[in-house]
Amino acid sequence: MTRLDNTRVIRPATGTELTAKSWLTEAPLRMLMNNLHPDVAERPEELVVYGGIGRAARDWESYDKIVETLRRLEDDETLLVQSGKPVGVFKTHPDAPRVLIANSNLVPRWATWEHFNELDRKGLAMYGQMTAGSWIYIGAQGIVQGTYETFVEMGRQHHGGDLAGKWLLTAGLGGMGGAQPLAAVMAGASCLAIECQPSRIEMRLRTGYLDKATERLDEALAWIAEANAAKAPVSVGLLGNAAELLPAMFAAGVRPDLLTDQTSAHDPINGYLPAGWTLDQWATAKEREPETVNRAARASMAVHVQAMLDFQAAGVPTVDYGNNIRQMALEEGVKNAFDFPGFVPAYIRPLFCRGIGPFRWAALSGDPEDIAKTDAKVKELIPDNPHLHHWLDMAAEKIKFQGLPARICWVGLGDRHRLGLAFNAMVASGELKAPVVIGRDHLDSGSVASPNRETEAMMDGSDAVSDWPLLNALLNTASGATWVSLHHGGGVGMGFSQHAGMVIVADGTEAAAKRLARVLWNDPASGVMRHADAGYEIAKACAREHGLDLPGIL
């Protein structure tokens with residue numbers, strides 16, 4: 001089993017020349033490769049895309065076999081991928097998914113990091129995170145609009161809707177957290193983001209998600225103060241450890257206007273540098289003494305969360321951004337770790353009730369002009385949403401594409417299928433140079449059960465019921481998505497979540513149009529169904545408005 005290969009540089013094909021037998025197999029092939037593009041993945045030489053050890057394939061041997069199989073796969077065959085390893089090709093039919101993926105799934109009693117890590121060391125499993133192992137990660141843009149929407153709502157609730165002259169304190173500039181600085185600036189606030197790995201800061205500077213960086217706290221705070229005085233937001237990366245810096249900042253009287261965290265706290269061994277440790281110490285200990293790292297990281301998280309609680313008690317609006325750090329601190333004895341809320345119940349759930357979530361698409365042509373044309377089409381089809389238009393304008397101006405050109409755009413039931421059909425027509429007419437793939441994050445309305453994140457504090461107490469993502473995956477399979485994935489542990493770590501993903505290809509054919517109409521209606525509708533079942537009136541009203549047939553609910 002080979003997981004490190006420094007000789008590999010993976011980039012997807014672009015243009016209209018196929019390297020597989022059809023666009024339905026070319027698309028997953030290009031998106032798998034895109035996940036490992038050097039401008040996209042965090043550690044592509046190790047197959048790590050983002051989120052600690054979130055991989056695109058189990059090992060390089062498995063990667064090569066997936067590529068080889070996709071290139072020979074017929075349009076009436078389906079490839080099965082088990083935790084990043086291709087295990088079977090079966091005859092199905094043209095409207096069935098071309099790939100079905102299951103990553104990191106464990107029987108609940110054994111769903112722990114300890115058991116998973118043992119399987120991982122033996123080469124029997126792979127951590128797929130959410131979009132790493134499901135081949136639809138598009139770089140930090142994939143989370144930036146959701147982060148922007150969250151920060152805007154925080155500003156509305158806590159600062160009268162105006163974040164000018166305000167600043168956000170956070171930590172973590174990895175594949176998800178790296179979106180925070182740009183999202184904050186887009187929302188009108190400055191951002192001070194602490195990060196312990198220089199390579200991550202450098203990547204965010206290179207891709208335009210971060211304006212400045214320093215190793216000195218005093219310099220970082222001076223830049224923030226200057227920007228706030230001018231009401232000209234700036235994003236600053238500060239090299240350091242959050243578990244050391246947050247308590248020191250609180251003791252020194254520093255008070256941000258907003259506070260959150262996106263360190264990779266979900267994975268104590270691979271994702272969180274213990275306070276007082278160097279990166280070299282950490283790298284060595286992860287291999288030789290993983291339990292020592294685990295204990296030290298968890299102890300540091302307790303200090304980190306206590307500092308966040310101290311800031312909250314001092315009046316700073318504080319929110320958990322879904323990395324399970326509160327749970328880790330609770331287990332370390334911080335009894336009131338959950339005193340600050342998660343971002344979904346605090347800010348996002350009303351959107352989920354209407355099936356609104358992180359809809360995304362990528363241009364297989366590799367031409368940014370295709371994304372510009374689809375942006376214009378979104379504005380044309382949804383003309384009365386100035387907030388959405390503002391987002392698209394900002395994205396076009398500020399977001400640098402990583403790998404294949406792509407766009408994230410939060411839309412919901414009633415709009416997703418219209419956009420998909422319009423994109424398909426643009427491919428058919430030649431307006432777009434090549435097909436597009438349409439997918440989403442697993443963090444969506446009906447595709448995840450995660451009691452410490454997406455389904456935290458459901459009004460009926462159904463936080464941990466994971467039937468819903470299973471039904472979502474089954475429904476998308478039956479509806480004709482091009483590939484469907486079912487994962488465990490994404491975002492919050494082993495034992496704390498189950499979630500499903502789907503991707504569908506718009507290749508300009510009539511057959512694709514029929515699949516798009518089904519999938520892009522049913523997928524968000526299942527989210528409305530889930531929230532209506534939980535008792536949310538917004539979801540029930542949405543279901544009635546769109547004529548959903550929910551016999552046991554309405």
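Glycine too: its Cβ is placed from the backbone N, Cα and C atoms.
Now, the feature entries from Swiss-Prot:
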type: BINDING; residues: 51-52, Gln129, 175-177, Glu195, Arg200, 241-242, 262-266, 272-273, Tyr321, Gly491; note: NAD(+) binding site
type: ACT_SITE; residues: Cys409; note: active site
Where does Glu195 (NAD(+) binding site) sit in the DSSP three-state scheme?
strand
How long is the line from the C-alpha of Ala242 (NAD(+) binding site) to the C-alpha of Cys409 (active site), rounded to the nearest angstrom?
31
Measure the Cβ-based neighbour count of Gly175 (NAD(+) binding site), defined as the other Cβ atoms within 10 Å of its Cβ.
28
DSSP three-state assignment for Cys409 (active site):
strand
A 10 Å Cβ contact count, applied to the recorded positions Glu195, Cys409: which residue has the minimum?
Cys409
Distance from the residue listed as 'active site' back to Gly491 (NAD(+) binding site), taken between C-alpha atoms, in Å:
20
Can you tell me how far the Cα of Cys409 (active site) sits from the Cα of Gly51 (NAD(+) binding site), in Å?
22
If one looks at the chain holding Gly51 (NAD(+) binding site), which residues at least 6 apart in sequence have a CB under 8 angstroms from its CB?
Tyr127, Gln129, Met130, Ala132, Gly174, Gly175, Met176, Ser264, His266, Asp267, Gly271, Gly490, Gly491
